[in-house]
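First comes the structure, then the notes that go with it.
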Amino acid sequence: MAVQRTLLVVKPDGVERGLIGEVVSRVERKGLKIVAMKMMRLTREKAEEFYSVHRDKPFFGELVEFITSGPVVAMVVEGDEAVSVVRLMIGSTDGRKAAPGTIRGDFSLDIMKNIVHASDSPESFEREFRVLFSESEIVEW
């Protein structure tokens, strides 16, 4: 097994609904480590950079509007196969199709307001991490 890092972001709808603790608890109960975490409000520029892979998609503008509509909580999660483990933990992007027991399956009925974002690959993590964090914010433990 390979120890990896991945990014997990509680989106504005998750923050507004008071689900930060729920998300953190699920990460910890799974045996993963949070090595960086902060609350922030993304600027339009940061949001566009963060979601740059979707720039040419029809939903890009709506996605940027939503992610900048309120605070988010971003965390770097570390553990064995962290990218795939966290993706399984959060469930399908479309909350209506996400399995019960997953974060989105338990708390979302929407494809946009789906509580959380998580990196979909180690390469995505590297790009997304550079937008939201610096290496000095990682706490080794």
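Cβ atoms are placed via backbone N, Cα and C, with glycine included.
Per Swiss-Prot, these features apply:
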type	residues	note
BINDING	Lys11, Phe59, Arg87, Thr93, Arg104, Asn114	ATP binding site
ACT_SITE	His117	active site, pros-phosphohistidine intermediate
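Positions of the features from Swiss-Prot, shown on the structure.
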residue	record	DSSP class
Lys11	ATP binding site	coil
Phe59	ATP binding site	coil
Arg87	ATP binding site	helix
Thr93	ATP binding site	coil
Arg104	ATP binding site	helix
Asn114	ATP binding site	coil
Which listed residue (Arg104, His117) has most other Cβ within 10 Å, given these are recorded positions: Arg104
Neighbouring C-beta atoms (10 Å sphere around the C-beta of Arg87 (ATP binding site)): 19
Least buried by Cβ count (within 10 Å) of the binding-site residues Thr93, Asn114: Thr93
Largest CA-to-CA spread of ATP binders Lys11, Phe59, Arg87, Thr93, Arg104, Asn114, angstrom: 21
His117 (active site, pros-phosphohistidine intermediate) versus Arg104 (ATP binding site) - Cα distance in angstrom: 10
Phe59 (ATP binding site) to His117 (active site, pros-phosphohistidine intermediate) - Cα separation in whole Å: 16
Separation of alpha carbons, the residue listed as 'active site, pros-phosphohistidine intermediate' and Thr93 (ATP binding site) (Å): 9
Nearest-integer angstrom distance between the alpha carbons (Cα) of His117 (active site, pros-phosphohistidine intermediate) and Lys11 (ATP binding site): 7
